[in-house]
Amino acid sequence: MGIDPNFETNREDVGEEHEVTVWGPTDPPEELGIRGTHVAVDFDICLADGACLEDCPVDVFDWVDTPGHPESERKANPTDEEQCIDCMLCVDVCPVDAIDVDPGRENRV
Ligand code: SF4
């Protein structure tokens with residue numbers, strides 16, 4: 001199952017890390033939640049494939065280390081989500097549907 005596209009209503013904002021909002025629940029290192037709002041990455045699904053980092057035309061994503069997470073020990077963080085041009089390439093290339101992009105979400109939360 002991929003990222004919940006309605007996470008902003010189904011989850012709570014539990015703070016900020018690596019320059020983006022964290023949507024809980026979290027219980028590190030095993031449970032890390034969803035990261036970002038306009039460009040959202042479910043860290044608990046991300047397996048560090050890296051296609052989003054390679055394909056994003058405006059370099060929204062950075063690697064962050066997540067030692068001890070069961071899926072992967074690094075994650076694609078949407079650090080520069082405000083640069084996103086909504087091309088949806090990252091959504092299309094992610095092999096596990098860990099990414100959801102919605103430019104309207106910022107105004108709803
Ligand atoms: S939608 Fe396009 S511009 Fe936005 S983060 Fe994904 S690949 Fe980058």
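Cβ atoms here come from the backbone N, Cα and C positions, even for glycine.
Keep in mind that TrEMBL annotations are predicted by a computer and have not been checked by a curator.
Quick look at what TrEMBL annotates:
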- 1-29: region 'Disordered' (REGION)
- 9-20: compositional bias 'Basic and acidic residues' (COMPBIAS)
- 37-66: domain '4Fe-4S ferredoxin-type' (DOMAIN)
- CYS46, CYS52, CYS94: [3Fe-4S] cluster binding site (BINDING)
- CYS56, CYS84, CYS87, CYS90: [4Fe-4S] cluster binding site (BINDING)
- 75-104: domain '4Fe-4S ferredoxin-type' (DOMAIN)
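Here the features listed in TrEMBL are placed on the structure.
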residue: CYS46; record: [3Fe-4S] cluster binding site; CB count, 10 Å: 24
residue: CYS52; record: [3Fe-4S] cluster binding site; CB count, 10 Å: 22
residue: CYS56; record: [4Fe-4S] cluster binding site; CB count, 10 Å: 21
residue: CYS84; record: [4Fe-4S] cluster binding site; CB count, 10 Å: 19
residue: CYS87; record: [4Fe-4S] cluster binding site; CB count, 10 Å: 13
residue: CYS90; record: [4Fe-4S] cluster binding site; CB count, 10 Å: 25
residue: CYS94; record: [3Fe-4S] cluster binding site; CB count, 10 Å: 23
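The two recorded residues, CYS56 ([4Fe-4S] cluster binding site) and CYS94 ([3Fe-4S] cluster binding site), show a Cα separation of 11 Å. Of all the binding-site residues listed here (CYS46, CYS52, CYS94), CYS52 has the Cα closest to the Cα of CYS84 ([4Fe-4S] cluster binding site). Mean model confidence for the domain '4Fe-4S ferredoxin-type' (37-66) is a pLDDT of 98.
Mapped onto three states, the DSSP output places CYS52 ([3Fe-4S] cluster binding site) in helix.
Here the C-alpha separation of CYS87 ([4Fe-4S] cluster binding site) and CYS94 ([3Fe-4S] cluster binding site) works out to 14 Å. If you take the Cα of CYS90 ([4Fe-4S] cluster binding site) and the Cα of CYS52 ([3Fe-4S] cluster binding site), they are about 5 angstrom apart, rounded to a whole number.
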